[in-house]
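Per Swiss-Prot, the features are as follows:
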DISULFID  22-70  disulfide bond
DISULFID  32-61  disulfide bond
DISULFID  33-45  disulfide bond
DISULFID  71-82  disulfide bond
SIGNAL    1-16  signal peptide
């Protein structure tokens with residue numbers, strides 16, 4: 001009976017451990033993002049409230065059709081210098097393929113605005 005209680009206690013402790021999706025001190029912003037370019041910039045990133053467990057973080061992002069990411073900076077709705085969270089293998093999200101010249105032009109404008117914001121923050 002004692003061994004059962006010890007095993008049950010250890011099992012509860014193992015499953016009840018909190019999960020830090022972004023343990024990297026630099027890339028510590030947990031975001032739900034859409035497409036990106038080589039993890040340099042991710043688009044349409046939003047902060048979502050989630051429990052500190054892995055499946056809820058992934059599920060929260062999946063509800064909006066996005067993927068969990070850990071980013072260095074979030075400016076406007078873009079995540080800069082991002083990576084997949086610990087324990088997560090996202091599908092290839094570095095496939096941003098704008099349809100038409102207007103979308104590409106808008107994308108380049110957004111990137112320019114983000115870089116200006118970063119420069120303003122650094123000054």
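One-based numbering along the chain as shown.
Heads up, the Cβ atoms here are built off N, Cα and C, so glycines get one too.
The Cβ of residue 61 (disulfide bond) has 24 neighbouring Cβ atoms from other residues within 10 Å, across all protein chains displayed. When the C-alpha distances from residue 70 (disulfide bond) to the disulfide-bonded residues 45, 61, 82 are tabulated, the minimum falls on 82.
If you take the CA of residue 22 (disulfide bond) and look 10 A around it, the disulfide-bonded residues you hit from 32, 33, 45, 61, 71 are 71.
Here residue 82 (disulfide bond) comes close to 27, 31, 33, 36, 39, 41, 42, 69, 70, 71, 72: these same-chain residues lie at least six apart in sequence, with C-beta atoms under 8 angstroms from its C-beta. The Cβ neighbour count for residue 22 (disulfide bond), using a 10 Å radius over every protein chain in view, is 22.
For the recorded site, residue 45 (disulfide bond), the DSSP three-state label reads coil. In sequence order, 45, 46, 47, 48, 60, 61, 64, 66, 67, 68, 69 are the residues near residue 32 (disulfide bond), counting only same-chain partners six or more apart with C-beta under 8 A.
Annotation note: residue 22 (disulfide bond) sits in a coil segment as assigned by DSSP.
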